[in-house]
Structures are given as C-alpha cells and as structure tokens.
Amino acid sequence: RLQESRERLSVCSKLCYAVGGAPYQITGCALGFFLQIYLLDVAQLDPFYASIILFVGRAWDAITDPMVGFFISKTSWTRFGRLMPWIIFSTPFAVISYFLIWFVPDFSRGQVMWYLIFYCIFQTLVTCFHVPYSALTMFISREQSERDSATAYRMTVEVLGTVLGTAIQGQIVGKVVTPCIESPLFIGKTNSSVAMEELNMTHDTGSLTDTRNAYMIAAGVIGGLYILCAMILSVGVREKRESSELQSDEPVSFFRGLKLVMNHGAYIKLIAGFLFTSLAFMLLEGNFALFCTYTLGFRNEFQNILLAIMLSATLTIPLWQWFLTRFGKKTAVYVGISSAIPFLIMVAVLDSNLIVTYIVAIAAGISVAAAFLLPWSMLPDVIDDFKLQHPDSHGHEAIFFSFYVFFTKFTSGVSLGISTLSLDFAGYQTRGCSQPSEVNFTLKMLVSAVPVGLILLGLLLFKLYPIDEEKRRKNKKALQDLR
C-alpha cells in the first residue's frame, strides 16, 4: 500500500499529461477532415495529384514513427528526461510547417511540391512530439491503475482536441461560402468544354480568396493551441526513469529489441485487430466532408455534423473507461466498436435527411470514443506482458508505440490515396456544386460499406488477442514481485 501511494499521480499531473495529447489530435483532425476537400476545392489541385500528396504524406508519416522510435531509444537521459526534450524542441518548427500547409502560394506549377514538402515536414515534426509523448505513459507511474487512469484523462482531452480541431477549422472555414461551378448539363457535347471554360472565366473568385484566408486564420489559432499545450505538458509532468525499469534491467540494442517486440504474439495480435478498425474510422474521416457536401447535400452543415460526432465522443469517454473497468477491455472492444456498424449502414441507405443525419452522428460518436480510448489503454498491458517474458530487456516502450502508429498510418495513407484516386476515376469535378452519380456512389462505399467490412475483420482478429482480465491481473502481481 505504501508503494502504491508513492506511485499515485495527482489530478493536476494527470491533467497536464493529458493536455499533451491535444496538439496531435487537433492538427490531425483538421488535416484528416479538411485537407482532402481543401486540396480539391480551394487549392484546386487535380484529384490525381491530391491523392499523391495524401498517400506520400501519410506513408512518410508512417516511416518516421519507427525512425523516431529508434533515435529515442538511443537518446541519453538529461535533467529534463529522455523524452521531454524531443517534445520541447520539435514544437515551434511543427507549428510553422503546419501553417504553411494551409497557405496557397502564388505560383501554380510548383503547388504540388509545396504541399507535399510541407506536409511531410510537418508529419515528421509532429511525430517527434507524439511518439515520445505516447511512450511517456510508461514513465509516469509503475501502477497499471494509475496508467489506465492517466490514459482515460488523456483520451478525454484528445477527443476534446478533436472537437476543438473540428470546431476551430469547421466554424472559421464554414463562415465563408466556397464558390462552386454549376455543371453544364444543359450544354451540348460539342460546346461543353468551351462553356465550362467560360464559366470558370466569368465566375467571381472573391469568396475563394476569403476561403483561403479563413483556412490560414484557423491554422494560426490551432498553431497557438499547439504551443500552449506543449508548454503545459513540459511544465506539469515529471518523467520518472525508475517507473519503467525492473530490478534486473540491462541495456539491449535497438534491433535486437525490435526483433523481440515483433516476435511478441500479444502485440502482433493487438495491432492486427486495431489496424483494421482504425483504418475504418480513418477512411470515414478522410471522406466525410465530401460525403456530407455532395452525397447528402449539406454543404453548409457538414462542419456542424462533424462537431456533433466529436462532442458525443468526448462525453462518452468516461462511460467507456467505466465499462472497460467493469467488464474488461476485450468486451469493451466488441461492444464499443461494433456499435458503429448499424449507423454506418443507416447513413448510406436512408434518404438525405438532416435530423436523421444528426441522430446518426451523435450515435456514431459513442463508437468513435471507444476506438480512441481502447488501443492506448491496451498497449501498456502488452508491454507489461513483454517485460515478464523478457525481464532483461528494457527501453523498448517507444518501439511498441511507434510501430503501432506506423502500421495504422501507412495503411491509412494507402487507403486515402486509393479513395481519392477512386473519386478521380468516378469523374470528380473540382469545385463542382454537385457531382456525377458515380462519385456519390463511390463516396457511399468509402464511408459505409468499406468501413463496415474493415470493422468486422478487425473484431474477428481480436478473438486471437490473449490478454483478458484474469491474465492482466496475474501480470500485475508478477511485475510487482519482480520489481
């Protein structure tokens, strides 16, 4: 009891730790929901080039995670800790590169390279923030209950961060109406290209400039929040070296540690399951703005629908924390993530109705909360199980977290690239007021049928995950004895 009381974290420490998760979610939410429609309708890039930017940016983001994990494992301890210097020094450069993503340069020939370069730079710098922050979970306390409690605080703030990202980006941008071009269906085939050119030439571009300014204002506000959260984290959290170390710890090389981690069955089964469920929600996130704008016809409402989803998710995080404590984490996975399936089907099958869409959005937010909370709550259990099997190996926390993020980001990059290419093949019209029926059908598949299939596959893989509540309690007692 005395040892547990020493390991207890104050509410203030948990809150300061939790605030550090907001920058990644605020920026990630803004990019996830709005970057695709921004590149297509504001920067006016061809869908093919937009797909390249989205794929390469996400793929590069995935590659940087294990790279940063490797360099962290080689970093020496300082008086600020081993992880905190990465967080502090990456922040100002990340904010600058994030702002430049939402800036439309005057030149037209190099726009693709502009967005590709700054998107990749930002993803690298935000990785230098988020990988050490994720691994920090193992360095704040040795008690599972305290880590789980801190993770619940973190997930609540992270989902609140998605609300802020959605609200700031959506409400600022939503105040300005992005101009669109009517499809010239009434024009004969022989003159359609000429008429389209005339429509482009005569259309008022003043509000498009306003839209671009709105995106930059939103980027500036989000950049300020990024810096504020990083400051609170660095001041309010103390990194404890002894929290992750056992009595028998000895240094092990990174590549040997990587081999050990990748041969750990519980870890592979966990990331395999969450790989598909996370991919389902990322695919939904990337295409939801286009789906609301064109398929449902809610051009001026989609930012409010997104806000309803994120508010619902934020309010239900404590519910899922109670649920996993009461019924176990595996049960929470099955109940929480599968609850999204009927609502994903409903939004694609039912006719466009704003009230029904809001009801579905609120209900879907409950499942989003579970998808946010559970991976980060279950990863520390896998690391504890690894430590029991390899008591002479330590310092690999960053590998566990970074490679989980690597797999989810890489596959999401592939899926977003393919989805944007699918829209191109379906005949997506840049800045169109409406889209062809083939585009609307493709969007329905991307936000309904494909995510449902991925969720079902992920839940099937979770049947193989070996750490249930009884196993988790045994691991906790064995770790206390070993320490």
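Here the Cβ of each residue, glycine as well, is placed from N, Cα and C on the backbone.
Listed in TrEMBL:
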{"type": "TRANSMEM", "residues": "15-36", "note": "transmembrane segment"}
{"type": "TRANSMEM", "residues": "83-104", "note": "transmembrane segment"}
{"type": "TRANSMEM", "residues": "116-140", "note": "transmembrane segment"}
{"type": "TRANSMEM", "residues": "214-237", "note": "transmembrane segment"}
{"type": "TRANSMEM", "residues": "266-284", "note": "transmembrane segment"}
{"type": "TRANSMEM", "residues": "304-324", "note": "transmembrane segment"}
{"type": "TRANSMEM", "residues": "331-349", "note": "transmembrane segment"}
{"type": "TRANSMEM", "residues": "355-377", "note": "transmembrane segment"}
{"type": "TRANSMEM", "residues": "398-421", "note": "transmembrane segment"}
{"type": "TRANSMEM", "residues": "441-465", "note": "transmembrane segment"}
| task | Please check if the transmembrane segment (398-421) comes into contact with the transmembrane segment (116-140), where contact means 3 or more CB pairs closer than 8 Å and the residues in each pair are separated by 6 or more positions. | result | yes
| What parts of the chain pack near the transmembrane segment (116-140), using Cβ distances under 8 Å and only residues at least 6 beyond its ends? | 9, 13, 17, 20-21, 23-24, 27-28, 52-53, 56-58, 60-61, 64-65, 68-69, 72, 81-84, 86-87, 89-91, 93-94, 97-98, 100-101, 146-147, 150-151, 154, 230, 233, 237, 239-241, 243-244, 376, 379-380, 383, 397-398, 400-402, 405
| query | Sequence gap of 6 or more, Cβ distance under 8 Å, 3 or more pairs: do the transmembrane segment (266-284) and the transmembrane segment (83-104) meet that? | reply | no
